[in-house]
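Note sheet for the following structure.
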Amino acid sequence: MRKFFKKKINKEKQEQTHTLYKRAFYTIGILIIYHFLSYVAIPGVDSKAMLKAAQSESLTMLSMFSGGSFSSFSIMSMGVTAYVTAQIIVQLLQSNVIPKLTEWSKQGQTGREKLNQLIRVITLVLGFVQSIGITAGINSISGYHFLIDNSIRNYVLIGLLLTAGTFIAMWMGDLITENGLGNGVSVIISTGIIAQWPSVVHKFMKSITKHGHVKYPVLGMMVIGIIVLVAFIVWFNQSERRLPIQYARRETLTGSESFLPLKIDVPGVVPIIFASSILAIPQTILMMFSRFSTKTWYKVLANFFTLNTTSGIIIYGVLIIIFTYVYSSIQIDPEKLAENFQRQEAYIPGVYPGMPTSVYIQELLNCLALPGSMFLMIISVVPLVISKNLASDLQVGITGSSLLIVVGVITEIVRQINGLRVKTEYKGFLNSHFTFTE
């Protein structure tokens with residue numbers, strides 16, 4: 001009998017390994033296809049003019065946080081930026097802002113399908129408008145030499161192609177989420193960030209090289225700083241506040257206490273992505289009016305919304321803090337959580353069920369949002385300040401934000417792999433210790 005169960009467990013472990021390999025290769029395959037598509041150029045543009053415009057800060061930020069790239073003007077240049085923005089907009093609106101959307105959010109699978117459809121519609125509109133805006137901005141920066149044909153028809157055609165690329169990126173992200181490892185959209189964004197790291201390293205080395213000699217103390221400090229930063233990000237991502245839970249009519253078999261784990265950084269990297277998207281909007285608009293770059297009003301606005309100035313860095317930090325507080329309550333709805341507790345006859349010790357529980361959870365989320373927002377803000381802002389003092393490239397400055405996204409995605413993938421392993425081991429344990437009958 002033992003040999004039988006041993007063989008069965010070994011077979012299940014082999015199936016688990018096969019599943020993990022299958023998911024890993026599937027994810028890699030989708031990313032390779034995505035990478036190849038990023039070389040499918042948009043017709044009717046001058047590539048030389050594009051190289052000049054690619055140095056624009058708004059395009060640098062969009063490239064870093066969208067999974068796309070503007071080093072070459074391809075159908076995938078927009079990445080998933082419009083989709084991410086649409087998701088966040090809908091999640092904000094369904095949080096008791098628009099009653100209809102709030103109602104949909106409580107309708108289970110049917111409501112989720114309606115919300116997903118709305119997200120796609122908003123993505124279509126945002127993607128098309130943003131595509132035309134960026135195209136017009138690049139054309140303006142290049143002195144109207146970027147487009148071979150400056151007709152409205154050509155603008156619309158390019159807008160449609162870039163928007164189609166966004167929907168292809170969305171579809172690939174969904175495929176990774178369903179059949180691969182990690183959240184598809186996050187994986188696409190993180191791989192886009194990793195793809196630009198060689199360029200970041202090259203620009204940083206160039207900034208610390210003088211007369212052919214590398215400043216090794218600065219290089220050593222940077223390497224140590226990155227190692228410490230990664231370790232800190234991993235530690236903070238794993239940190240959680242355990243909320244004790246008790247049940248009125250249920251006792252645990254092991255005698256251990258039940259608890260609800262709440263991450264210290266509840267919203268994850270969403271505040272960073274949203275803050276960068278908000279800052280990219282005025283930068284994109286300013287690109288369209290670059291012919292007025294000598295005017296005072298243009299210089300004031302450009303200085304205000306750039307991450308190479310003190311004012312821009314402060315605005316970026318404040319936006320991150322605001323969105324951390326706002327999105328914490330969206331990620332975990334205190335009222336819905338309190339209702340679920342009542343349904344399951346669960347309660348928090350020392351707190352009355354119902355509204356008092358909801359208020360208590362909201363206060364707890366506000367408390368967690370303080371260290372969470374400080375964590376995100378410090379990691380995002382400090383590298384920008386260092387980069388500003390070193391007169392380095394913006395790509396080097398946003399390394400902290402990009403590291404946070406990549407480490408977060410890798411941590412989530414590792415957690416998913418461990419979850420699949422535990423599931424298989426638990427199943428094997430049950431099969432080896434219990435006999436199930438129909």
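Positions of Cβ are set from backbone N, Cα and C atoms, glycine also.
No curator has checked TrEMBL annotations; they are predicted automatically.
According to TrEMBL, the feature transmembrane segment maps to 20-42, 62-86, 121-146, 152-173, 180-198, 218-236, 268-289, 301-327, 364-386, 398-414.
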>> Out of 20-42, 152-173, 398-414, what stretch is closest in contact terms to the transmembrane segment (268-289), meaning most Cβ pairs under 8 angstroms?
In response: 398-414
> Hey, which of 152-173, 180-198, 218-236, 301-327, 398-414 has the most Cβ-Cβ pairs under 8 Å against the transmembrane segment (20-42)?
Replying inline: 180-198
> Any residues 6+ beyond the ends of the transmembrane segment (152-173) with a Cβ under 8 Å from its own?
Replying inline: 30, 33-34, 37, 42, 44-45, 67-68, 74-83, 120, 123-124, 127-128, 131-132, 134-136, 183-185, 187-188
> For the transmembrane segment (398-414), which recorded stretch in the set 121-146, 180-198, 218-236, 364-386 gives the largest number of Cβ pairs separated by under 8 Å?
Replying inline: 180-198
>> Please report, as numbers and ranges, the same-chain residues at least 6 past the borders of the transmembrane segment (218-236) whose CB is under 8 Å from any CB of it.
In response: 204-205, 208, 264-265, 375, 379, 390, 399-400, 403-404, 407-408, 411
>> Quick test of the contact rule: Cβ under 8 Å, at least six residues beyond the ends. What residues does that give for the transmembrane segment (121-146)?
In response: 45-46, 49-50, 52-53, 56, 58-59, 62, 73, 78, 81-83, 85-86, 89-90, 155-156, 158-160, 162-163, 166-167, 170, 284-291
